Amino acid sequence: MGLLRLLVLAMLASKPGVTGGAEAVGNASEGLLEFSVGKFRYFELNRPFPEDAILRHISSNVSFLIFQIHSQYQNTTISFSKTLLPNTSGTGTDKGLVFILRPEQSMCTLYLQTLDAEPVQNMAIPLSYSERDPIPGGCNLEFDLDIDPNIYLEYNFFETTIKFAPANLGYARGTNPPPCDIGMERDSRWRLLYDVYQYFLPENDLTEEGLLKHLQRMAEVPQVKANAIKVVTLTANDKTTVSFSSLRGQGVIYNIVVRDPFLNTSAAYVPAHTYACSFAAVEGNCSSLGRVSTKVFFTLFALLGLFICFFGHRFWKTELFFIGFIFMGLFFYILITRLTLVKYDVRLILTAVAGSVGGIFLVAAWWRFGILLLCMLCVGLVLGFLVSSVMFFAFLGNLKIFHDDGVFWVTFSCIAVLIPVVFMGCLRILNILTCGLIGSYSVVLAFDSYLYTSLSHITLNVLKRALNMDFHRAFTNVPFQTNDFIILAVWGMLAVSGITLQIRRERGRPFFPPHPYKLWKRERERRVTNILDPSYHIPPLRERLYGRIAQIKELFQKEQPAGERTPLLL
């Protein structure tokens, strides 16, 4: 059977090739898949039936090939031989092999299979490069393959990390490869540069067809440069590791283009993708990301925030409760997450309790002491926190200087403190701005618990940085697509409407309510000294409680029968 297979391959190699279209769909003869250089092909792999793949009519000016294969979440194995060895095969969702061609070689064969019980839909493409192009992974010393063009991807809740092997200079067929670690002159691999690219899939698109279609835009160098965002350029002296903020439920494709600035040539690694979640998980998979506890928490928080957005300044104590809830809840969540291993749902409940205690405490502090500046400092710091988060989200987050935790937190704190200082002369405006912006942003967070939006990462990135020691090295790019524009418009309209309504309604009114404790004390003294006041004759609270209890007891006593019970005296 093996001899027959070799004869079939030899006959196919001897026939003239036919140029295919941009994509090929369907099956070739049973057990044999035929590919063309630069042409994408869709096919299905089944566990009991491994496939032989053949690539024919390779041009003589091609020095090496990269054959890559992709699937959404089921693993596929690609190998040089039927015997699977660590240094000749790779298994995963995005895998590739480098074929270093011999002189006069015009055909390559490889083997594809899957160990998954379900059929796997795949897409593959062989790409050709000349002797002047750098070889991705050509100086691999870390991974199993001798030449490894793959990007190795790991993720957790906080960050997604990609790793890759250094490239080598290209060389002609039949010649020896340039040495990797002998000398650092201009004619060695140390002159190579690595451009790291990031590509976002459409938001809330978890389909297999969508992923495989967009992967085609990240396979070849011209398409990568045209469609993706260049995040950073690494030199040969930098670590071959890059971290990004994890976007749970959002599809992201990463690729690296290695450039030779001396020859002005380039080559692309095998692109890798992730959703920062698992399709196979029973609970909390990619299709059901929002927890019930999260939805309940942020829905109630948004209802309170919506009330504060339009009526916060008028209902001053309710606003203070809202601000105290945010203050205490945020600090408590960071503390309990860093110091304990409590489950997420329990942490959320404890955060709600702690936030409520913080809100009640701030209201009680205002009622008893009436220190307006202290309360407005808390209000201003919450607004400053949001403004500082927006600054780092939109402009400063990916600057190299802010990858240092010390510089980041000092700058972040200075911006947050600057807001209450700037508005110290117009406290009512500061309070109304805080009500409108913070209250309306709570609605954005509620949207995110039901439908993904990048705007939630305004504050989530800061929270991740406070919770994870390694998040400082992560790039925090996020997609900004149709959903985000709609939700941004809703946020803006709510904020402007709330601020405008409160400014117009409060015109001509006192800036802030008077000290509650002084009012209560003055009213109490007035009642004691003024006997004409009806409230003067109201019994003390203890006597009123005893009277109520006596009335309740009378309801359970038996009614006395009517009539005379004592004997008449003669």
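In case you wondered, yes, glycine gets a Cβ from its N, Cα and C as well.
If you check TrEMBL, you get these features:
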type: DOMAIN; residues: 299-503; note: domain 'TM7S3/TM198-like'
type: SIGNAL; residues: 1-21; note: signal peptide
type: TRANSMEM; residues: 296-313; note: transmembrane segment
type: TRANSMEM; residues: 320-336; note: transmembrane segment
type: TRANSMEM; residues: 348-367; note: transmembrane segment
type: TRANSMEM; residues: 374-395; note: transmembrane segment
type: TRANSMEM; residues: 407-425; note: transmembrane segment
type: TRANSMEM; residues: 432-452; note: transmembrane segment
type: TRANSMEM; residues: 485-503; note: transmembrane segment
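Of the candidate ranges 296-313, 348-367, 374-395, 407-425, 432-452, 348-367 has the most C-beta pairs within less than 8 angstroms of the transmembrane segment (320-336).
The transmembrane segment (296-313) makes contact with the transmembrane segment (432-452): 3 or more of their CB pairs lie within 8 A, with pairs spaced 6 or more apart in sequence. Mean pLDDT across the domain 'TM7S3/TM198-like' (299-503) comes to 94 in this model. Using a Cβ-Cβ cut-off under 8 Å and counting only residues 6 or more beyond its ends in the same chain, the transmembrane segment (374-395) has close neighbours at 319-320, 323-324, 326-327, 362, 365-366, 402, 408, 412-413, 415-421, 423, 427, 430-431, 433-434, 437-438, 441, 457-459, 461-462, 476.
The list of residues near the transmembrane segment (407-425) in space but at least 6 beyond its ends in sequence, with Cβ under 8 angstroms from a Cβ of it, reads 376-377, 379-381, 383-385, 387-388, 391-392, 396, 401, 433, 462, 465, 472. Below 8 angstroms of C-beta separation, residues 306, 309-314, 429, 432-433, 435-437, 439-441, 443-444, 447, 453, 455 of the same chain, each at least six residues beyond the ends of the transmembrane segment (485-503), sit close to that stretch.
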